[in-house]
Amino acid sequence: MKVYYENDADLALLADKKIAVLGFGSQGHAHALNLKDSGMNVCVGLKENSASWVKAEKAGLMVEKTAEAVKWADIIMVLIPDQVQKAVYENDIAPNLKPGDTLAFGHGFNIHYKQIVPPANVNVIMIAPKSPGHLVRRTFVEGAGVPCLIAVHQNVDGKAKDIALAWAKGLGGTKAGVIETNFKDETETDLFGEQAVLCGGSAELIKAGFDTLVEGGYPAELAYFECMHELKLIVDLYYEGGLSRMNYSVSDTAEYGGMTRGPRIITDEVRQNMRQVLKEVQDGTFAKEFIDECNSGYKSMEALRKSNREHKIEGVGEKLRGMMSWLFKKNPKADAGV
């Protein structure tokens, strides 16, 4: 796998381009501000009544309605939620695309699942920082960057990959390393990771551990500390040095207990369920389910959100976090102005 760095990308490729960033949320604000600070000509495209309009203007950015921004631009980066991209594409982007334009995405969902099918006369690329937007911005301001993925779906002028690399450099990504992938692999691994490990698997593991201790007669506060609070300490060790760093850093008791009991939690049945989750990502089952859910007004999703909010661990956690003075600070998104 080739990793691209500073000398592999040329920002001059963007110097004479007009760049539209659609959206000013977590990723949108980082892309727009980093590219602007890298010397590029950037416009943010938003809905006319968007709450982000004033924020973008206060950040020193030119702001236009989405359709006008697309019409003006040579490169259009789509950084709005997956579920609204198709409608925005059909209403505001497609009618204003010009031959030779470059259409860019931060995630491959809508291209891979053919919710958006661009015309054959435009470049289609992806630049996906592997980090939340506030860290993309913060590391850039600090003179560094976060790793990025790039991909090319259509290359009409032979420059699509070079444009993607230049964009990644403008974000600061080439200081950390840029890896080339494709829309299929990025989309499917991203969705599987979210569902099986990061957002789905970890949340269910935490709740199951908490419930087991509480049902066993232990104080809910102790259950929270053991199954939720201390997880960050372990994840930080994974982040810094992998599984070996974690095993080296914990006690022998914890290491032995984890290695001998962990496989009894993640059983062959669990692994088979993971393979089924991956299959549903690969064959489009999940994508169709999610799109149908969005079109139905999020009825199931709202019920699931309510159930999560009402779980006992949430009330216990809120009380305990109120005792942790180091947590009394702004949300990272608020710090970043989004």
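Glycine is no exception: its Cβ is also placed from the backbone N, Cα and C atoms.
Copied from Swiss-Prot, the annotated features are:
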- HIS107: active site (ACT_SITE)
- PHE24, GLY25, SER26, GLN27, LYS47, SER50, SER52, ASP82, GLN83, VAL84, GLN85, GLY133: NADP(+) binding site (BINDING)
- ASP190, GLU226, GLU230: Mg(2+) 2 binding site (BINDING)
- 182-327: domain 'KARI C-terminal knotted' (DOMAIN)
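On the structure: features taken from Swiss-Prot.
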| residue | record | Cβ contacts under 8 Å, 6 or more apart |
| --- | --- | --- |
| LYS47 | NADP(+) binding site | LYS65, THR66 |
| GLN83 | NADP(+) binding site | PHE290, ILE291, CYS294 |
| GLN85 | NADP(+) binding site | VAL78, PHE109, ASN110, GLN115, ILE116 |
| HIS107 | active site | ASP82, MET126, ALA128, GLU186, THR187, ASP190 |
| GLU226 | Mg(2+) 2 binding site | GLY209, LEU213 |
| GLU230 | Mg(2+) 2 binding site | none |
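As a summary of secondary structure, the domain 'KARI C-terminal knotted' (182-327) carries 124 helix, 0 strand, 22 coil according to DSSP.
The NADP(+) site in the record is lined by PHE24, GLY25, SER26, GLN27, LYS47, SER50, SER52, ASP82, GLN83, VAL84, GLN85, GLY133, and its two most distant CA atoms lie 20 Å apart. Of all Cβ atoms in the shown protein chains, 20 besides its own fall within 10 Å of the Cβ of SER26 (NADP(+) binding site).
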